[in-house]
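Q: Got a structure for you, questions after.
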Amino acid sequence: MQTIKCVVVGDGAVGKTCLLISYTTNKFPSEYVPTVFDNYAVTVMIGGEPYTLGLFDTAGQEDYDRLRPLSYPQTDVFLVCFSVVSPSSFENVKEKWVPEITHHCQKTPFLLVGTQIDLRDENSTLEKLAKNKQKPITMEQGEKLAKELKAVKYVECSALTQKGLKNVFDEAILAALEPPEPTKKRKCKFL
(Lines of atoms letter the chains of each structure in order from A and count residues from 1; the text may use other names and numbers.)
(Lines give C-alpha, C1' and ligand atoms only; values in the text may rest on other atoms or scores of the structure.)
Protein backbone atom coordinates (compact mmCIF):
# COMPACT_ATOMS: atom_id res chain seq x y z
CA MET A 1 0.00 0.00 0.00
CA GLN A 2 1.39 3.40 -0.97
CA THR A 3 1.94 5.91 1.83
CA ILE A 4 1.45 9.65 1.56
CA LYS A 5 3.33 11.66 4.16
CA CYS A 6 1.57 14.88 5.15
CA VAL A 7 3.22 17.23 7.67
CA VAL A 8 1.23 19.96 9.42
CA VAL A 9 3.02 23.19 10.42
CA GLY A 10 1.99 26.59 11.75
CA ASP A 11 2.05 28.75 14.88
CA GLY A 12 1.23 27.27 18.28
CA ALA A 13 -2.49 27.22 19.18
CA VAL A 14 -3.85 27.67 15.62
CA GLY A 15 -5.57 24.28 15.80
CA LYS A 16 -3.17 21.88 14.07
CA THR A 17 -3.69 19.04 16.54
CA CYS A 18 -7.46 19.61 16.69
CA LEU A 19 -7.54 19.48 12.89
CA LEU A 20 -5.84 16.07 12.90
CA ILE A 21 -7.77 14.60 15.83
CA SER A 22 -11.11 15.80 14.48
CA TYR A 23 -10.33 14.36 11.03
CA THR A 24 -8.99 11.00 12.25
CA THR A 25 -11.43 10.33 15.13
CA ASN A 26 -14.46 12.55 14.35
CA LYS A 27 -14.09 13.98 17.86
CA PHE A 28 -13.05 17.47 18.89
CA PRO A 29 -10.47 17.52 21.73
CA SER A 30 -11.68 19.50 24.71
CA GLU A 31 -8.46 20.92 26.11
CA TYR A 32 -5.35 22.50 24.62
CA VAL A 33 -2.20 20.43 24.96
CA PRO A 34 0.87 21.85 23.17
CA THR A 35 2.36 19.28 20.81
CA VAL A 36 5.95 18.17 20.70
CA PHE A 37 5.49 15.67 17.91
CA ASP A 38 2.78 13.21 17.06
CA ASN A 39 1.63 11.23 14.10
CA TYR A 40 -1.56 9.59 12.98
CA ALA A 41 -2.32 7.24 10.10
CA VAL A 42 -5.55 6.71 8.20
CA THR A 43 -6.36 4.53 5.22
CA VAL A 44 -8.02 6.35 2.35
CA MET A 45 -9.37 5.01 -0.92
CA ILE A 46 -8.31 6.92 -4.02
CA GLY A 47 -9.59 5.70 -7.38
CA GLY A 48 -10.36 2.33 -5.82
CA GLU A 49 -6.81 1.98 -4.46
CA PRO A 50 -6.02 2.05 -0.72
CA TYR A 51 -3.42 4.55 0.48
CA THR A 52 -2.05 5.14 3.94
CA LEU A 53 -2.20 8.82 4.75
CA GLY A 54 0.50 9.45 7.36
CA LEU A 55 -0.31 12.65 9.23
CA PHE A 56 2.55 14.27 11.14
CA ASP A 57 1.76 16.90 13.73
CA THR A 58 4.45 19.39 14.76
CA ALA A 59 4.94 21.91 17.55
CA GLY A 60 4.61 25.53 16.45
CA GLN A 61 6.38 26.96 19.50
CA GLU A 62 9.80 28.52 18.87
CA ASP A 63 11.43 26.18 21.42
CA TYR A 64 11.05 23.44 18.81
CA ASP A 65 12.53 25.31 15.82
CA ARG A 66 15.55 22.98 15.70
CA LEU A 67 13.63 19.79 16.42
CA ARG A 68 10.69 20.32 14.03
CA PRO A 69 12.58 19.91 10.72
CA LEU A 70 13.52 16.37 11.76
CA SER A 71 10.00 15.37 10.73
CA TYR A 72 10.37 16.89 7.24
CA PRO A 73 12.37 14.28 5.25
CA GLN A 74 10.26 12.25 2.78
CA THR A 75 7.28 14.61 3.10
CA ASP A 76 4.89 14.43 0.13
CA VAL A 77 2.78 17.46 1.06
CA PHE A 78 2.71 20.13 3.79
CA LEU A 79 -0.32 21.78 5.36
CA VAL A 80 0.73 25.30 6.39
CA CYS A 81 -1.87 26.37 8.95
CA PHE A 82 -2.95 29.68 10.44
CA SER A 83 -6.03 30.69 12.40
CA VAL A 84 -8.41 33.00 10.53
CA VAL A 85 -8.89 34.86 13.84
CA SER A 86 -5.15 35.30 14.51
CA PRO A 87 -3.65 37.88 12.14
CA SER A 88 -0.18 37.22 13.61
CA SER A 89 -0.40 33.53 12.67
CA PHE A 90 -1.37 34.64 9.13
CA GLU A 91 1.70 36.94 8.98
CA ASN A 92 3.93 34.11 10.17
CA VAL A 93 2.93 31.95 7.19
CA LYS A 94 4.94 34.33 5.02
CA GLU A 95 7.58 35.32 7.59
CA LYS A 96 8.36 31.91 9.08
CA TRP A 97 6.53 28.81 7.88
CA VAL A 98 6.82 28.90 4.10
CA PRO A 99 10.50 29.98 4.29
CA GLU A 100 11.16 27.12 6.75
CA ILE A 101 9.56 24.36 4.67
CA THR A 102 10.97 25.65 1.37
CA HIS A 103 14.45 25.86 2.94
CA HIS A 104 14.29 22.17 3.89
CA CYS A 105 12.02 20.85 1.12
CA GLN A 106 12.25 23.18 -1.84
CA LYS A 107 10.03 21.30 -4.26
CA THR A 108 7.49 19.70 -1.90
CA PRO A 109 3.96 21.00 -2.56
CA PHE A 110 2.02 22.72 0.24
CA LEU A 111 -1.50 23.88 0.93
CA LEU A 112 -2.32 27.02 2.87
CA VAL A 113 -4.96 26.15 5.49
CA GLY A 114 -7.12 28.66 7.37
CA THR A 115 -8.36 27.09 10.62
CA GLN A 116 -10.96 27.98 13.25
CA ILE A 117 -13.46 29.42 10.73
CA ASP A 118 -16.24 28.82 13.28
CA LEU A 119 -14.77 31.75 15.28
CA ARG A 120 -14.91 34.20 12.36
CA ASP A 121 -18.41 35.38 13.35
CA GLU A 122 -18.19 34.82 17.11
CA ASN A 123 -18.86 38.05 19.04
CA SER A 124 -16.25 37.66 21.78
CA THR A 125 -13.57 36.87 19.18
CA LEU A 126 -14.57 39.86 17.03
CA GLU A 127 -14.49 42.14 20.09
CA LYS A 128 -11.02 40.90 21.07
CA LEU A 129 -9.74 41.54 17.54
CA ALA A 130 -11.44 44.97 17.38
CA LYS A 131 -9.64 46.04 20.58
CA ASN A 132 -6.39 45.61 18.64
CA LYS A 133 -7.86 47.23 15.51
CA GLN A 134 -7.86 43.84 13.77
CA LYS A 135 -10.36 41.76 11.81
CA PRO A 136 -10.56 38.07 10.93
CA ILE A 137 -8.65 36.96 7.83
CA THR A 138 -11.01 36.65 4.84
CA MET A 139 -11.19 33.86 2.26
CA GLU A 140 -9.92 36.38 -0.33
CA GLN A 141 -6.86 37.26 1.78
CA GLY A 142 -6.07 33.55 2.15
CA GLU A 143 -6.39 32.94 -1.58
CA LYS A 144 -4.23 35.96 -2.38
CA LEU A 145 -1.45 34.82 -0.02
CA ALA A 146 -1.61 31.25 -1.35
CA LYS A 147 -1.10 32.56 -4.89
CA GLU A 148 1.74 34.86 -3.80
CA LEU A 149 3.58 32.06 -1.96
CA LYS A 150 2.91 29.50 -4.73
CA ALA A 151 0.83 27.19 -2.55
CA VAL A 152 -1.08 24.51 -4.44
CA LYS A 153 -4.32 25.94 -3.04
CA TYR A 154 -5.97 27.81 -0.17
CA VAL A 155 -8.50 25.84 1.87
CA GLU A 156 -10.19 26.58 5.17
CA CYS A 157 -12.02 24.60 7.79
CA SER A 158 -13.34 24.25 11.31
CA ALA A 159 -12.17 21.26 13.33
CA LEU A 160 -15.02 21.97 15.76
CA THR A 161 -17.91 21.86 13.25
CA GLN A 162 -15.91 19.82 10.67
CA LYS A 163 -16.96 22.28 7.96
CA GLY A 164 -14.41 21.98 5.12
CA LEU A 165 -12.34 19.48 7.13
CA LYS A 166 -12.50 16.48 4.78
CA ASN A 167 -11.81 18.79 1.84
CA VAL A 168 -8.49 19.91 3.41
CA PHE A 169 -7.21 16.34 3.40
CA ASP A 170 -8.74 15.46 0.02
CA GLU A 171 -6.87 18.42 -1.48
CA ALA A 172 -3.66 17.44 0.33
CA ILE A 173 -3.88 13.92 -1.12
CA LEU A 174 -4.46 15.32 -4.62
CA ALA A 175 -1.48 17.67 -4.24
CA ALA A 176 0.75 14.78 -3.13
CA LEU A 177 -0.37 12.55 -6.01
CA GLU A 178 -0.25 15.16 -8.78
CA PRO A 179 2.26 13.89 -11.32
CA PRO A 180 5.45 15.93 -10.82
CA GLU A 181 7.11 17.67 -13.72
CA PRO A 182 9.67 15.22 -15.11
CA THR A 183 12.65 17.39 -14.16
CA LYS A 184 11.71 17.61 -10.47
CA LYS A 185 11.56 15.15 -7.63
CA ARG A 186 9.01 16.50 -5.20
CA LYS A 187 9.55 14.42 -2.07
CA CYS A 188 11.51 16.25 0.62
CA LYS A 189 15.15 15.20 0.84
CA PHE A 190 17.79 16.33 3.33
CA LEU A 191 21.30 16.61 1.95
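Placed from the backbone N, Cα and C atoms, the Cβ positions cover glycine too.
Per Swiss-Prot, the features are:
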BINDING   10-17, 57-61, 115-118  GTP binding site
MOTIF     32-40  motif 'Effector region'
LIPID     Cys188  S-geranylgeranyl cysteine
MOD_RES   Cys188  cysteine methyl ester
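Are these features on the surface or tucked inside, and what are their neighbours?
A: In this view, Ala13 (GTP binding site) is surrounded by 16 other Cβ atoms within 10 Å of its Cβ, with every protein chain counted.
Look at Cys188 (S-geranylgeranyl cysteine): DSSP puts it in coil. Residues within less than 8 Å, Cβ to Cβ, of Cys188 (S-geranylgeranyl cysteine) and separated from it by at least 6 positions along the same chain comprise Tyr72, Pro73, Gln74, Thr75, His104, Cys105, Thr108.
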Q: Take the motif 'Effector region' (32-40) and average the pLDDT across it for me.
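A: Taking every residue in the motif 'Effector region' (32-40) and averaging pLDDT yields 74.
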Q: So of Gly10, Lys16, Thr58, Ile117, which of the binding-site residues has the fewest other Cβ atoms within 10 Å around its own Cβ?
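A: Each of the binding-site residues Gly10, Lys16, Thr58, Ile117 was scored by Cβ atoms within 10 Å; lowest is Ile117.
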Q: Given a separation of at least six residues and a C-beta threshold under 8 Å, show me what packs close to Gln61 (GTP binding site) in the same chain.
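A: Non-local contacts for Gln61 (GTP binding site): Gly12, Pro34.
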